[in-house]
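Listed features, source TrEMBL:
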type	residues	note
DOMAIN	4-353	domain 'Isopropylmalate dehydrogenase-like'
BINDING	Arg96, Arg106, Arg134, Asp224	substrate binding site
SITE	Tyr141	site 'Important for catalysis'
SITE	Lys192	site 'Important for catalysis'
BINDING	Asp224, Asp248, Asp252	Mg(2+) binding site
BINDING	Gly282, Ser283, Ala284, Pro285, Asp286, Ile287, Ala288, Gly289, Gln290, Gly291, Ile292, Ala293, Asn294	NAD(+) binding site
Amino acid sequence: MTKQILILQGDGIGPEIMAEAVKVLNLANQKFDLGFELSSGELGGASYDKYGVPLADETLERARKADAVLLGAVGGPNWDTIDPALRPERGLLKIRSELGLFGNLRPAILYPQLADSSTLKPEVVSGLDILIVRELTGGIYFGQPREKRVLENGERQAYDTLPYSESEIRRIAKVGFDMAMVRNKKLCSVDKANVLASSQLWREVVEEVAKDYPDVELSHMYVDNCAMQLVRAPKQFDVIVTDNMFGDILSDQASMLTGSIGMLPSASLDVNGKGMYEPCHGSAPDIAGQGIANPLATILSVSMMLRYSFAQTKAADAIEQAVSLVLDQGLRTGDIYSEGCRKVGTVEMGDAVAEALKNL
Ligand code: IPM
Ligand code: MG
């Protein structure tokens, strides 16, 4: 049976990195006889330019019907001055929310070949393999009310709301524990329970869920301490589960442990495991169109898609192996470049991964 994959390349470097990911996906499709059918649509600024909104109803409908969605990145200065409700990022948040993609998996793995690319000492990061499980459809990103207003005295004021319900916390905690069970049975829940009511409930519910996972060693950590520990001794972590905003910040931070945010893929899953896959990095408008962006995070997102949405473990492993082989060959985009390596552009990197995959 054919499987439908919707490709949303987005803005900035989105089209460039997606072209390479699609190259690798098409090849995997042939090589492993996956029966995928690809189609494409717009999201973010590209959608705003075409439809006047960052996510058109028709695109959302197609995303609902697809078996998986592969996304590049959204946003850029072209849309900085438009109505904030129509900004590219709103399209991304809407598709995550409408598809119910609450479970965001952000693995930070240091490829041994890149130990020198990290800004941290090799001994601090070598062998690093952590997974951040970020709640993606709740918390301060979506909480109501939120408002920017002018007070009676003429002063401007703005506020956001950070709500979490028990069921939202329980389902993301379960994802955290399930992931811990198939890894090293160690889970760290990150919150700010010394200050925030929502975090106090978070901690309570995580403790309750823990009763169903007696084999997992659970710890709790305040987010400020976690930020510090991530750069001090990141290998103490295995799986981290946290809320939407803390997960946004900590995953960017964790990415730098791996050499570059250009290496980090992600999966965003609903209750049934249907998913959208995207690199953790943004649309990098400063380097868009120059052919120098690192396509590996998007290529690795394809691998996550094969693993999580389609249980195609062999094909997923092969893509990861191809990436590793290319790094062995010393090929590096600018963001992961270190002395003695060969600096390549986006297309050359994508071609090399495709070639390595072909020969596996
Ligand atoms: C991410 C991004 C998004 C987020 C932005 C683009 C809305 O930073 O996926 O981490 O904050 O979730
Ligand atoms: Mg982010």
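Quick reminder: no glycine exception, Cβ is built from N, Cα and C everywhere.
Whatever TrEMBL says is automated annotation, not expert-curated.
Annotated features taken from TrEMBL, shown on the structure.
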residue	record	Cβ within 10 Å
Arg96	substrate binding site	22
Arg106	substrate binding site	24
Lys192	site 'Important for catalysis'	21
Asp224	substrate binding site	13
Asp252	Mg(2+) binding site	15
Gly282	NAD(+) binding site	18
Ala284	NAD(+) binding site	23
Ala288	NAD(+) binding site	18
Gln290	NAD(+) binding site	13
Ile292	NAD(+) binding site	18
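Tyr141 (site 'Important for catalysis') has a Cβ environment of 19 other Cβ atoms inside 10 Å.
Asn294 (NAD(+) binding site) sits 16 Å from Asp252 (Mg(2+) binding site), taking the Cα positions as reference. Residues Asp248, taken from the binding-site residues Arg134, Asp248, Gly282, Ala284, Asn294, are distinguished by a CB atom under 6 angstroms from ligand 2. For Ala288 (NAD(+) binding site), the nearest of the recorded positions Arg96, Tyr141, Lys192, Asp224 in terms of C-alpha separation is Arg96. The residues near the Mg(2+) site, meaning same-chain residues not in Asp224, Asp248, Asp252 whose C-beta sits within 8 angstroms of the mean position of the site's C-beta atoms, are Val223, Ala227, Met245, Phe246, Gly247, Ile249, Leu250, Ser251, Gln253, in sequence order.
Asp248 are the binding-site residues among Arg96, Arg134, Asp248, Asp252, Asp286, Ile292 whose C-beta comes within less than 6 Å of an atom of ligand 1, given in sequence order. If you take the Cα of Gln290 (NAD(+) binding site) and the Cα of Asp252 (Mg(2+) binding site), they are about 23 angstrom apart, rounded to a whole number.
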